[in-house]
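Record features, source TrEMBL:
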TRANSMEM  35-55  transmembrane segment
BINDING   K81, V82, K83, T196, N300, F301, R302, K320  ATP binding site
DISULFID  C125-C176  disulfide bond
DISULFID  C136-C159  disulfide bond
DISULFID  C142-C170  disulfide bond
DISULFID  C226-C236  disulfide bond
DISULFID  C270-C279  disulfide bond
REGION    405-484  region 'Disordered'
COMPBIAS  468-477  compositional bias 'Polar residues'
Amino acid sequence: MVRRLARGCWSAFWDYETPKVIVVRNRRLGFVHRMVQLLILLYFVWVASGAGTALSHRYVFIVQKSYQDSETGPESSIITKVKGITMSEDKVWDVEEYVKPPEGGSVVSIITRIEVTPSQTLGTCPESMRVHSSTCHSDDDCIAGQLDMQGNGIRTGHCVPYYHGDSRTCEVSAWCPVEDGTSDNHFLGKMAPNFTILIKNSIHYPKFKFSKGNIASQKSDYLKHCTFDQDSDPYCPIFRLGFIVEKAGENFTELAHKGGVIGVIINWNCDLDLSESECNPKYSFRRLDPKYDPASSGYNFRFAKYYKINGTTTTRTLIKAYGIRIDVIVHGQAGKFSLIPTIINLATALTSIGVGSFLCDWILLTFMNKNKLYSHKKFDKVRTPKHPSSRWPVTLALVLGQIPPPPSHYSQDQPPSPPSGEGPTLGEGAELPLAVQSPRPCSISALTEQVVDTLGQHMGQRPPVPEPSQQDSTSTDPKGLAQL
């Protein structure tokens, strides 16, 4: 049993399959076939039009621009500069005080609120009550030399009264007094919405040797009198801080109080088959830190200002700053026509159209009423004889449209003699004369049947039993092949 199965698999492995064309006259099936082909063509060539999106809603060949060679991630440089003044309850603040870092790069922080701990000096003082396990009742609760990484210094081993109230905490050697949440608060966000931020950006696509910047070539004083507007002035990259926060969908007062991170995304999508003027930067704004997560929302940092009193005592002012951090992010893609991706994607599109035929064949052979009849007509098995005949010109003549003379019955030992007045008797190496007639049209299915019948007749096989006439077929099967 196993050997027979193995022999059958081995024999089937060397079978050759060639398509056979059958025309099925069924409008429903034909409709499904054409609709599948149409959907595939629409997928590859479809254009979805929209207001202001003529270049951004096209698909495969249009949207994905499969006919182009592309490059993503342009080389980019970013320079930022903030201008403006603001004031708190008792002080005027300029750019040098509320912008960190001052050199201006792709990340810039604008301070909008500060907590100040003034006049800190090196010494010993009570630890902040906000530090875990800092409260105590006696010196036994404080271990000398213990260092808490969440605290402000090294413990001395003494339990001392707190700055205010009746509480007691462990004494530490640190910058005193420590920051304990009772520091002075200053809000700088009153005039901050009117701050202006200049974002200079230049990009370069090395594959296509294409470079461009986001500032138009204007006079030297052009940037002193302009503000960004996507419609009227897209090449003036000077943004109001209030405009950026508004476009990100945030409340400025709340954001200035708790701090946050806003992303300015510059997108350079360039079709280099068009003119250079069509390659323009597109700006978008959104908040990057998790707004609704109390553990990680907001933005703050600390820094200190140092000075000396009487030239000997080092003193500092500790500042905890809350602010709006601006992250400038640049990305994009450039594309240009190339023959190789065009050929590859075009071949893929044409090959995909064959899915319609596969689907309809599955419906035809599975769900149609006469699926067995269709299967019988679609699949034929032709066996090659063990001793192949050398009369292959007969088949070649059939393919060329020439009809051979009817076969004569003779034994293998005695070949037939040619008619009087014609060529010599067929012998070894002789060719079979062909009757030259004018070609007549025939369908592929009819040609296949003629080839099989003629091969059988000239190879010594028994000619197949002729099929019944159309009238007999109709009488036995009223519908018959009319469904095809």
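Glycine residues also receive a Cβ, built from the backbone N, Cα and C atoms like all the rest.
F301 (ATP binding site) is 30 Å away from C136 (disulfide bond) when you measure Cα to Cα. Over all protein chains present, the Cβ of F301 (ATP binding site) has 14 other Cβ atoms lying within 10 Å. Cβ-based neighbour count (10 Å, all protein chains) for C270 (disulfide bond) stands at 23. Using a 10 Å radius centred on the Cβ of C136 (disulfide bond) and all shown protein chains, the other Cβ atoms total 20.
Taking the Cβ of C279 (disulfide bond) as centre and 10 Å as the limit, one finds 18 other Cβ atoms among all the protein chains shown. Binding of ATP is attributed in the record to K81, V82, K83, T196, N300, F301, R302, K320, and the widest Cα separation among these residues amounts to 24 Å. Of C125, C170, C176, C226, C279, all annotated as disulfide-bonded residues, the residue with the shortest Cα distance to T196 (ATP binding site) is C226.
The two recorded residues, N300 (ATP binding site) and C176 (disulfide bond), have Cα atoms 22 Å apart. A straight line from the CA of K83 (ATP binding site) to the CA of C279 (disulfide bond) spans 29 Å. Put simply, C159 is the one of the disulfide-bonded residues C159, C226, C236, C279 whose Cα lies nearest to the Cα of K320 (ATP binding site). For K81 (ATP binding site), the nearest of the disulfide-bonded residues C125, C170, C236 in terms of C-alpha separation is C236.
Put simply, V82 is the one of the binding-site residues V82, F301, R302 whose Cα lies nearest to the Cα of C236 (disulfide bond). Ranked by CA distance from R302 (ATP binding site), the disulfide-bonded residues C125, C142, C170, C270 have C125 at the top as the closest.
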